[in-house]
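Everything on this sheet refers to the single structure shown next.
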Amino acid sequence: MTRRDAAAALHRSLSRFVAHEEAEITLSLVAAKARQHGALGCPDLASAVRACRGHGDHWPRVLEIHAASVVRGFGSDRLIGNLLIDVYAKNGLLQWARQVFEGLSVRDHVSWVAMLSGYAQNGLGIEAFRLFRQMHRAAVVPTPYVLSSVLSACTKAELFAQGRLVHAQVYKQGFCSETFVGNALIALYLRYGSFKLADRVFSDMPFCDRVTFNTLISGHAQCEHGERALEIFDEMQLSGLRPDCVTVASLLAACANVGDLQKGKQLHAYLLKAGMSVDYITEGSLLDLYVKCGDIETAHEIFNSGDRTNVVLWNLMLVAYGQISDLAKSFEIFCQMQAAGIRPNQFTYPCILRTCTCSGHIELGEQIHSLSIKTGFESDMYVSGVLIDMYAKYGWLDKAHRVLEMLGKKDVVSWTSMIAGYVQHDLCEEALATFKEMQDCGIWPDNIGLASAASACAGIKAMRQGLQIHARVYVSGYSADVSIWNTLVNLYARCGRSEEAFSLFRAIEHKDEITWNGLISGFGQSGLYEEALKVFKQMGQTGARYNVFTFVSSISASANMADIKQGKQVHCRAIKTGHTSETEVSNALISLYGKCGSIEDAKMEFSEMSERNEVSWNTIITSCSQHGRGLEALDLFGQMKKEGLKPNDVTFIGVLAACSHVGLVEEGLSHFKSMSNEYGVTPIPDHYACVVDILGRAGQLDRARKFVEEMPMAADAMVWRTLLSACKVHKNIEIGELAAKHLLELEPHDSASYVLLSNAYAVTGKWSNRDHVRKLMRDRGVKKEPGRSWIEVKSAVHAFFAGDRLHPLADQIYSFLADLNDRIAKIGYKQDNYHLFHEKEQEQRDPTSFVHSEKLAVAFGLMSLPPCMPLRVIKNLRVCNDCHNWMKFTSDVTGREIVLRDVHRFHHFTNGSCSCGDFW
């Protein structure tokens, strides 16, 4: 045998061993040939490179072969170069691969595909696309394999615009019929979320293989388009292709997403019948199906028979018991997992932490947090995001912020959880500051972040920032997101921008309950109560479904207008739709009837409730207190405690007000002390003002002053105003001047402060001091709020001022009033309006100017309303002594019930007496 024949035989042996991936034998033969014959040819070196592919421990030999090829003059050879590019690229050494690529004397399609595939496999989509453009400039016609590689690179790097350009090249080169190119296009559009384009590519493909169907089914299943995924599976079966494990796993995910347990069970049966080997992905998909469909028992059976070393299965079982809020079982699984030596991953902790969050066991969540620190997962963004959400939801915002600060790399989820937490607890300024900080860090907000930021703007009526966020919504491409539009509608409505709110509202094509509720609650919170009720009416006319929030917002709007008629209409609608069984709706109804002066209806609604919470008790206690039923309020407070409900700060405001209105000084002080001593409630200025009111109404002004001076905080305007009001009633000008001094320092432009001081001087006969206060008001540009009263007659609200002559029936009203005054004078009424004016002023003033607005409203009501209807009057100021006395006599003479709501409370006048017991 000649030397050439021997070399050829050895080369054939090399090629055979490479085909069988006998790397060690191949490399040994190469070495033997080098020893026997000296020089190695290009085919020999190529065989050696092939032998090293996929063998990470042969890197030294790859480098030796690469070096040998360069030394022997084959460094620019295309055969060896293509193989080296492929080896380097597959192992992530892209710089070396590119160096070999650039050194090739001639590049063929294999060279370009190897380099492009290397970039694609390593997630360097931009570099792959740049290389493709270089190839295009070099006038190299791309093959289907090249286009497929570039499309895969664009998909992985989410370069969707570039992918569309490559798609154009596919059309241009006529490769649309190539199945693997079509598969790459489908994967691109599915990742982009353009399901219509993906389906269009699919329908245009002349031949589809299993990869085509699997890609489509998986893409739709991952995006929770379960029904479409199942439709594609039907097409796959009609085409004669049999599903494999990948198909079944994706279909199981689709069934889980749409809750089709029956179809999922059929796939499970098919899997067993076809004898397919169940890998960890299929096993996980099966478990996920039964978990999401609520069949926890079957899920547990699969878990027990499955691969117990698979952490994914453990995580799914944690999700299963978390889904039914079974924290005990979930924690048991977590403990078993640790006992079995299964190391938790970044998804394990969020599974158990979410269950802690849903069940309210924040302390256990803290312990899991500690464990995540020990195992090194605290810095994981996914774990930290769930921790922030857990702490934020329960008001532990300092801890939530600390977790955020500890994160080295913060993602949009972490920031958004923190922002949402602030908004949830009405810390809107902090939420907007965090939103700005997130943007300063270069994080682009998602739809949830934008919605939360818009909610924060609505919470503090920050319209300017809201407009900026509205603009960002368009820039970020979320202009079609209904959740953001709903929030923006609420923002404009809460800021009183009704036209913009309605404009946005009309632009939403598919309105849901949240859309309607956002508009109703927004108008209600901005004081546009009539608009809120109009929207409620429109909602019913369109056939939209009401929910709890609809009724609560609408009833609250009626309550704030003191419109009992419209409130009862909403109540009737709630009864028809079965929403009166909801605690929140009943609470709103109690508040409605309490604010509209119908305390009996409020009490009836409370008594009919099947379940009561703290808000229920607080509302009825406050209502009774405001209606002069202090003893009933205190009795309800006792019942509340017996039922095991802990009173809060709102409860004590109602209780203290009740003590004030019935003159229970010592009991009121006892309740005040019990706040911190027994219930751990720290008093706020409102509670101190209530105590001052208790002492002031009882005439214990020295004690009230001492109490104010000993407050642990600086007294606010409410406290000093309460003290000044008591001084005016009891004619104690010394303490009154002290209170006025502090009050005018705190609120120099509040007219009520000046009026109280002026009246205090007037009732004590200090006219020069009174005149000085009035001059001070004029000099400072402070205008007294005029007294005004309202009464509804025949669905129209009539407003009156003191001495008002503007009403169309003014003459009849004054005539009726004169006759009424004669009648009540005969049973002992004497007008007492002159104590605020000295004799000269009384002579100069028109007598009608002493007729206060509430008298005119009552006279008009007596003229206009049927005898069976009570008169409901609202006044914007505190009712004076004379009008209070006048209404008692009027109720006696006419036999009518008069309900007067002044700025402080309700007065029910019947048969010559008032519900306040003349103690107001």
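Backbone N, Cα and C atoms are what each Cβ position is placed from, and that goes for glycine too.
Remember, it's a predicted structure, so these values are computed and weren't measured experimentally.
Sequence annotations record features per position, and here TrEMBL assigns repeat 'PPR' to 108-142, 209-243, 310-344, 411-445, 481-511, 512-546, 613-647. Per TrEMBL, domain 'DYW' is recorded for 828-920.
Sequence-remote contacts of a segment are chain residues at least 6 beyond its ends whose Cβ falls under 8 Å from one of its Cβ atoms, and for the repeat 'PPR' (411-445) they are 381-382, 384-385, 388-389, 391-393, 395, 397, 400-401, 404, 452-453, 455-457, 459-460, 462, 465, 472, 476.
Only residues 6 or more beyond the boundaries of the repeat 'PPR' (481-511), in the same chain, are considered here, and those with a CB under 8 A from a CB of the stretch are 447-448, 450-451, 454-455, 457-459, 461, 463, 466, 470, 473, 518-519, 521-523, 525-528, 531, 544. When DSSP labels each residue, the repeat 'PPR' (481-511) comes out as 23 helix, 0 strand, 8 coil, counted as helix, strand and coil in that order. Under 8 Å from some Cβ of the repeat 'PPR' (310-344) lie the Cβ atoms of residues 280, 283-284, 287-288, 290-292, 294, 296, 299-300, 303, 351-352, 354-356, 358-359, 361, 364, 375, 377, all in the same chain and six or more residues away from its ends. On the 0 to 100 pLDDT scale, the model's mean across the repeat 'PPR' (310-344) is 85.
For the repeat 'PPR' (209-243), the DSSP counts in helix, strand and coil order read 26 helix, 0 strand, 9 coil. Residue counts for the repeat 'PPR' (310-344) by DSSP state, with H, G and I taken as helix and E and B as strand, are 26 helix, 0 strand, 9 coil.
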